[in-house]
4 protein chains.
Amino acid sequence: MKKIAVYTSGGDAPGMNACIRAIVRGAVFHGVEVYGIIRGYNGMIKGDIIPLNSQSVSNIIQRGGTVLKSARSKEFMTPEGRKKAYDQLKSRGIEGLVAIGGNGTFTGAEIFYNEYKIPTVGAPGTIDNDLYGTDYTIGYDTAVNTALDAIDKIRDTADSHDRVFFIEVMGRDSGYIAIQCGIAGGAESVMIPENLSPVSDVVKTLKQGFSRAKSSSIVVVAEGDEEGNAQKVAAKIKKQMDEEVDIRVTTLGHIQRGGAPTAYDRILASRLGLGALEGLLRGEKNVMAGVVNNRLVYTPFHDTITKKKPVADDLLRMVHILSV
Amino acid sequence: MKKIAVYTSGGDAPGMNACIRAIVRGAVFHGVEVYGIIRGYNGMIKGDIIPLNSQSVSNIIQRGGTVLKSARSKEFMTPEGRKKAYDQLKSRGIEGLVAIGGNGTFTGAEIFYNEYKIPTVGAPGTIDNDLYGTDYTIGYDTAVNTALDAIDKIRDTADSHDRVFFIEVMGRDSGYIAIQCGIAGGAESVMIPENLSPVSDVVKTLKQGFSRAKSSSIVVVAEGDEEGNAQKVAAKIKKQMDEEVDIRVTTLGHIQRGGAPTAYDRILASRLGLGALEGLLRGEKNVMAGVVNNRLVYTPFHDTITKKKPVADDLLRMVHILSV
Amino acid sequence: MKKIAVYTSGGDAPGMNACIRAIVRGAVFHGVEVYGIIRGYNGMIKGDIIPLNSQSVSNIIQRGGTVLKSARSKEFMTPEGRKKAYDQLKSRGIEGLVAIGGNGTFTGAEIFYNEYKIPTVGAPGTIDNDLYGTDYTIGYDTAVNTALDAIDKIRDTADSHDRVFFIEVMGRDSGYIAIQCGIAGGAESVMIPENLSPVSDVVKTLKQGFSRAKSSSIVVVAEGDEEGNAQKVAAKIKKQMDEEVDIRVTTLGHIQRGGAPTAYDRILASRLGLGALEGLLRGEKNVMAGVVNNRLVYTPFHDTITKKKPVADDLLRMVHILSV
Amino acid sequence: MKKIAVYTSGGDAPGMNACIRAIVRGAVFHGVEVYGIIRGYNGMIKGDIIPLNSQSVSNIIQRGGTVLKSARSKEFMTPEGRKKAYDQLKSRGIEGLVAIGGNGTFTGAEIFYNEYKIPTVGAPGTIDNDLYGTDYTIGYDTAVNTALDAIDKIRDTADSHDRVFFIEVMGRDSGYIAIQCGIAGGAESVMIPENLSPVSDVVKTLKQGFSRAKSSSIVVVAEGDEEGNAQKVAAKIKKQMDEEVDIRVTTLGHIQRGGAPTAYDRILASRLGLGALEGLLRGEKNVMAGVVNNRLVYTPFHDTITKKKPVADDLLRMVHILSV
């Protein structure tokens, strides 16, 4: 394999740039030509493809976002779109791909591989950490720390005013961010999609807190909680609290996607980028590089998309014990 | 004057603790006994008043929130409530007060002074910077930097996806936070209550940006903008944009109230706390300590409440020029 | 077991407070009385021991340092000192101990256990990550991120002035911090005690960089590097560089010990604190709780002190590849 | 004036990029062609001069360092060097200059102006804040906050171990950084060049603290203190303390030069950049733009170099009162 390309797709995540850098410098190290595809599948179809070298990725390891940009592509969902994409790669002699992204990215990559057999290896880049085949995804540690920093700030004002705050964090189908920053933020309760934490349980915890003279409380809510988002949940709970409680709601939103990546994310991104590249060069295809128990592993795209990674039960137990 | 008390009231602001520390240590330095009133006027009525000394305020200069807590008090709005408050102070021999807060705090302080003549000096603590009589209020610099940090993070993801973001910052009647973090965040447009920045102007600026191949844009919206909050403004603007633009909205919310105060806020808070205390000891009353052109000045409570501090025109001009 | 005590000893590490909180709240949850020993073995000898409850540990999860304080104790190194310590515990009916600290702490704990048989379980709290029996120690992730933040800042000024910076990070016998923040900071070279990275290799790397028109370079040096500390290493290297290079040295120092712990450290600390406590209650003794491959394990104090945890070779390889 | 150039020179400071951006966008706004000179006077002599436009300065407002780079130039100190520089500018038709830097930069600019009469206006960019003619210099607020953040971290570990820390901050001839982060960091003592704070005074303050059961202390030392740097000062003081105190020294070093600029610095830099540019276009020359009492003023280069801006006495008084 003498010529490869790399692209980012789906929601951006801090550390994607560190991953791109590792892939590019790894390719240079192994004597392979490397290209960057701009705006994911969109750029693949349009031929928005540029050569990269060691200096192209200087001074980006610490930057949030992705220098290759990202976009959704409806056209790639059609056979005609994929044909165009293939022709663009073919005409440039690109023999292999590294795809950085999440569920949607790998769904596209699997279809494309099955049709055109261009070897593709993925690197998991998504703040949600909801991909099977890796203990951690690139961007997750940064997103958790960003949300945690926000929770610490809100705790200051919650304490000063004896308030209950419902804080909504990202995670449409997954409570990973919520559970981690719930524990780290000292939350009284955490509501996540994976777990039936009915409103009545949260009410009970809050009431117990007040009876022990806790004057402020934090409830972290994953955006995808089955009970509805933070605003709705807060409204329900307000009704069930006897005494008059001052309840506020904050939705952290897109700040969780940006910012300089943490050390953990930069190292994970470097390792997974290099792992994806070297896997590709060794003949891996249609798989995602991941880290499980500190070891590099490759999991078929199909499994990463269809299998579900559970949230550890002991984390839920910890929230419960530590809020006594 | 041998015995005084300090309290915080209204919305909390980073730096209030640094201000309390300066008042307490200043009192110790000048040989005056000092008390802390818990939860503002509420604690004054209930007699929730504790003695403070130099060590009570150790290691709080860097903490957000207020160790004296804050609360709204409906009872203080009644003559009976204020009578109770007076009796509590009287019974403890408290001869003077330092009030840390904003508009509402000083409104209460003025009424109370007019009725009971206990000398009171205020220190301006509010993130909004909307008080006449001081160039800066305690908490403002921190709130601006917190909002700015969020804007920097959102810029990362806006750039990666070529999106337009509407970011709502605090400031119900005042665009100070919005204008400062608009300029510092490199925003394409800023919408504030003091200025008629009609939706059509913002549309024009955004369109010009797109015509010059700007791929992402940030519009900072003060929560009190006359055109409605960020969600409403974004909806209006989306309708007026010809091309298909990917527009997102984020409301920063209560994170702006918390966090460790900046150097500027700690120094300002120390200076104003000490200034309020030493003014009180020298015979000032019914006034707020402020900093105007780097000098300590005292302004009657009445003026701080009724007069309006304008946003500097040259700042609005800067947003316009710098987004070319 | 109905009554236990917890103490911190040795160099403080961010997350120790989160660990104390988990132990205390875990004890409350399990109906066990819990005491805090102030200043480690020093307070054990002097009987500086206080009762703790759920509220004692409110609002400390986010604080650096240790609320129980830490100190070195020469007296505990003597049989007489340990006898006094035992009498203090005995007289209070304390039946078990949780020790938070590093090498020195566990050395003391092992001797004490062998003499007096009070069951003791350790939790690894040290920024150096050099303890056998756990993949990560409490405080390590925070220290790495603090050092990384400093490296990012120094990169700004290094780039502006085309300089080579030698940055010394903590790690007397261990290169963990250096290697992690070397990779994450995009360093051109990393010098650590575990690895013979002779000065001549670093010179070669720097020269190659200059030949590829890299205008600035970062070399991260562990304080314990066998080639001497950053100042000495920089002086040696300056002599071997042909061209005139502008070399600067910065020693990061004690900032690496402080600051609010990261999410990772707070969760790890909570998990290890709870793990140590629940191990103790289940009958574990003379062991340290650790996390290996995401699972909680207990390792004899003796092994944690005498065995050596290697730095992963693939990390050193990564530094080399990624600086091309 | 139809063609101008901008350069940065001397030590870099956070906010220089925001200043460059304001100058470039201001020039575009006013229809003036603008060039960037790389590496200050060095690039002026070599003709390392590039055209800039609005997009050249996109997305740099938040970056530390200077995209135009900086360097010292011995050649510019000679008449021959300056002749070459003039020829380079002349050949490109550059009619005016904006110089961003400190003392050294403006010394060069004044000599050059006197010889060749190319109108030049300066913008004060230096973290030291030691320039006459402006209340604040670009980079100062960021440097103070960076140092403060480090002091907060060190306070954590100082408290845990009951230690005295001597922390050296930047400021060779000026105690501005030291005094501000001394007050904001709650330091027990501050030692600065402008003030004879003899070792004996510091010893007295520390002893008083210990007598009041303060267990830890912070002394901030400006690098230029007449008593010697932090290491030397700490050694002297250790000898004069009766009891055994655990004294540590940390030199913050170059981290103070880097990092994303604060809101204050970005706004100040934008305002001064625009002010320098518009002054130049209006006919100002041989002057520096500054902000005094919130108003834009122009001060002759000669005065900025030769006059001394005093540290406010009330700040020194505050350190004293607040450490009681």
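Cβ atoms here come from the backbone N, Cα and C positions, even for glycine.
Together with C:T126, C:I127, C:D128, C:R163, C:M170, C:G171, C:R172, C:R248, C:H254, C:I255, C:Q256, C:R257, TrEMBL lists one candidate of C:E194, C:E223, C:E226, C:E278 for binding substrate, that being C:E223. For the ATP site, TrEMBL gives C:R72, C:S73, C:G102, C:N103, C:G104, C:T105; the one candidate out of C:G11, C:G15, C:G26, C:G175 that the record lists there too is C:G11. Site annotation (TrEMBL, ligand ADP) includes C:R21, C:A22, C:I23, C:V24, C:R25, C:G186, C:A187, C:E188, C:R212, C:K214, C:S215, C:S216; from C:R82, C:R155, the additional listed residue is C:R155.
Comparing C-alpha positions, C:T105 (ATP binding site) sits nearest to C:D128 among the recorded positions C:D128, C:R172, C:R248, C:R257. For the binding site of ATP, formed by C:G11, C:R72, C:S73, C:G102, C:N103, C:G104, C:T105 according to the record, the largest Cα to Cα distance is 14 Å, rounded to a whole number. Closest to C:I255 (substrate binding site) by Cα-Cα distance, out of the recorded positions C:S73, C:G104, C:D128, is C:D128.
Cα spacing between C:R248 (substrate binding site) and C:D128 (active site, proton acceptor): 25 Å, rounded to the nearest whole number. Those recorded positions from the list C:T126, C:D128, C:R248, C:I255 that have a Cβ under 8 Å from chain D Cβ atoms: C:R248, C:I255.
Sequence-distant neighbours of C:N103 (ATP binding site) (same chain, six or more apart, CB under 8 Å from its CB) are C:G10, C:T126, C:D130, C:L131, C:T304, C:I305, listed in sequence order.
Sequence-distant neighbours of C:S73 (ATP binding site): residues of the same chain at least 6 apart with a C-beta under 8 Å from its C-beta are C:R39, C:G40, C:Y41, C:N42, C:I45, C:G81, C:G108.
Geometry remark: C:G104 (ATP binding site) versus C:R172 (substrate binding site), CA distance 14 Å.
Counting Cβ atoms from all protein chains shown, C:I255 (substrate binding site) has 25 others lying within 10 Å of its own Cβ. When the Cα atoms are compared, C:G11 (ATP binding site) and C:R172 (substrate binding site) turn out to be 12 Å apart.
Taking only the Cα positions, the spacing between C:G102 (ATP binding site) and C:M170 (substrate binding site) is 15 angstrom. If you take the Cα of C:D128 (active site, proton acceptor) and the Cα of C:R172 (substrate binding site), they are about 8 angstrom apart, rounded to a whole number.
Ranking the binding-site residues C:G11, C:G102, C:G104 by the number of CB atoms within 10 A of their own CB puts C:G102 at the top.
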